[in-house]
Each structure stands twice: as C-alpha cells, then as structure tokens.
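As structure tokens, the structure follows; a few thoughts come after it.
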C-alpha cells in the first residue's frame, strides 16, 4: 500500500455539519497549510480548536472550522489523522476538501481509511468487514451482530482455532524431522480433540450463515396474484405509506415497484407486481412478463387472491415453478363468498391465511407466516455472530481439511497431517486477512463508501 496522505468527506453530503478526514504521514503538514487558529494543533492534540480554512494557493479565507489533530498510531487508521468540522452544504464541504487536496493530500478511494486500519493492524479483516455491516444495518438484530463482529468476537474465535491448528502443525513438522526420537509428543487422541473442537465451532458458525444473509442482505419478497386482489394495498400497508397507486380498475399496476421495509426486525426487499392475466395492451403485457420474471427470482412469494371472486380462477399459472416458500393470502375476508378452498391448498409447501387488508383483519397472522417462512423454524435466539458468504465458503473448506486430517492422525501419517493442517489454516487465514491477495482486498474494500 502506498504512503500517500489521503483526504475525504467522512459525513453524508448535505448535512448541517461536514467532517473532512485527512490521514497519513503529512496530515499535520496539510493541516498547517489549510487551517489557521489562535493556537496550534500540536499543542492541543486530541482537542477541537476553532480556526478558519485557508485556500493554500490564493490564501483566501474559507469557512470557519473546528480542527483536531490525532497522532498515530493511536488513531482509527494507525496513522496521523486530522479532522476538520465545517458547516454543511455541498459547496462548503467540497471547498474544504479541495483545500486539503491543493495542500498535497490525495482523494481517498472507497474504503481506504478502513483498509489502512486493517493494513496497520488496528483491525483484522473480519472487523474491517463489520464496519460496512454496521453502516448498512437495517434492523436492531443486524446492528447487534455487526457490532459483535466489530468488537472482535468472530475474529477471536477464528484466531483461537488458527492458533490451535498452528501449534499442531508445528509439532507435526518436528515429528517428521525427529521421526526416530522418543520425545514427549502430544497423544493422537489429544490432537483429535483439538480438531473436533475446531470442527464443532466451525459447524456452529456455519449454522448462522443464513441468519447473516437475511439480516445483511434482506429477503426478496414478491407480491403476486391476479388484478385487483389487493396487492398494492398490501404493499402500502406494509410500508406504512401510499407507495403504490390503488384503484378499482384492473391492471392499474403495470410495472414492478421495489421498496425496502422491515417486518419484526427482518429486512425485506418487497416488490409489488402487475396482476397476472391475459392482456391485450402491450404495456400491460410487458409488465406481466416482468412480474413472472420477478416471481422466478423471489426468495418468498406472497400470492394474493380475492375472496369475493371464485378462487379457482385466481390460482398461480400452471407453468409457474419456484423453490421459494409460498404464502397464499386470501384477501377481502370481510366480503368473502361462500366457497370451498381448491385442492391446490392441500399441498405441503403452500401456507395460506384469510385477511382483510382494508380493515387490517388478521394481518398479524400473516406476519407470523412470513417470519416462519424466512427462518423456517422458531427463531427466538439472536446469534452472537453470523458469517457472510465469503466466510462460509472458507469455513467449509477448513472443515473438509480437518475431516481429512483426522483420518491421517489415526494412521500417524504425519506428512499428510501437515498437508491437511495447512489446508485448514489457509482459509482461516483468509478470513482474518493473514493470507489474502491484493485484488481480493480491493474487492472487499471497494464496497465501502468514500470516507470510510
């Protein structure tokens, strides 16, 4: 990594206060060129001091700003850091940032401050990844898990396994060098216990993978069904606002509408779709095709049917196929016809509930079914950590290597034991960031915002 001094806006644009962060060897030098106060920053380390921004090229005064100097390595990045707090507004913040760039700083890349924190040993890679999870957390559950990871709980568990396996590897290599010596070797059953403990912990972590995916990424929920079944009304109710147009005219919704919301702490990406029917209008036909495509990509399908009309005419199309859980919502229970449920409802994968979106009757039961479909079990325990997709793939690789290693220990094939231990250590090292290629780091930190 280069040693440029970098600068970026660390707060969201348009706020009442803007913070410009500068980090690197020349952070203080940059500050001296662009800010003047009644007292210097070196003598007031870690204290906010009032002063004024100065254009280093024209010496023209800029905004009044508070500045704070923090000497490394006791900083977020592990480097010297200066932060300026100026008035918000797009121009003022951009002008303050531009002054730092004129003074010799370079515009920071996405996630570069956190990347420097990782490279300088202030965070392991699991903690660095958690920074983005904290920022993007869409629920209290998601934030709690992200904060646990940021505090090092996940990384400490991986590090504990990594160190234990490293000790085993060291002994195996000594065994191969002193094969004829009768030294005080660790008994095979003790080595197997270490491997079993690691494998059990990895399996437990992998059980939380789905929790992590749900809480980080949300669940893609599609509201489908025939026209005028109440799809848009349901979406508006779930969102708590009028997002979709609702009329008595069939075919009002002609395109998919996507919004983010939460139900009982579960983040949902919910999509309202055009009613599926035979349509002559080319615009409506296009919307219906998009609806069918969205249904194929769904992780959970809410299929609405109108109880005031014959249900047999409102079933999903015969050619419709999906592995996603399906909840059939029998809407308009307040004006329902007397009719029997079609045999379609006898299928084991189909859940159904009678509701009235208009009168809000029985919607809590609908939310029960959504929660059950997402978790697929009673879910009252929030895991301490929840692995992401990258962690999951690497943990599976490590588990496989440990399984192979145990068979070799029983046969005292120490050379093969060493091979499999290295095979388990490599993916664990990747999780912590001990063994990663620069392009992988670029991919990970490239997801971050500028200024983070």
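Just so it is clear, glycine is given a Cβ too, placed from its N, Cα and C backbone atoms.
Note: residue 452 ((6S)-5-formyl-5,6,7,8-tetrahydrofolate binding site) has non-local neighbours 10, 110, 111, 113, 114, 131, 132, 135, i.e. same-chain residues 6+ apart with C-beta under 8 A of its own C-beta. For 21, 83, 122, 452, the entry in TrEMBL reads (6S)-5-formyl-5,6,7,8-tetrahydrofolate binding site.
Looking just at the domain 'TrmE-type G' (218-375), the mean pLDDT is 80. What TrEMBL records for 218-375 is domain 'TrmE-type G'.
What TrEMBL records for 228, 247, 249, 252 is K(+) binding site.
The GTP binding site annotation in TrEMBL covers 228-233, 247-253, 272-275. All protein chains included, residue 232 (Mg(2+) binding site) registers 24 other Cβ atoms within 10 Å of its own Cβ. Classification of residue 232 (Mg(2+) binding site) by DSSP places it within a helix.
Summarising the annotation, TrEMBL assigns Mg(2+) binding site to 232, 253.
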>> Here's one to test understanding: among the binding-site residues 21, 83, 122, whose C-alpha is closest in space to the C-alpha of residue 232 (Mg(2+) binding site)?
In response: 21
> What count of other C-beta atoms do you get within 10 angstroms of the C-beta of residue 122 ((6S)-5-formyl-5,6,7,8-tetrahydrofolate binding site), across all chains shown?
Replying inline: 19
> Quick one, of the binding-site residues 21, 83, 228, 231, which Cβ has the fewest other Cβ within 10 Å?
Replying inline: 83
>> So the record assigns 21, 83, 122, 452 to (6S)-5-formyl-5,6,7,8-tetrahydrofolate. If I measure every Cα pair among those residues, what is the longest distance in angstrom, as a whole number?
In response: 19
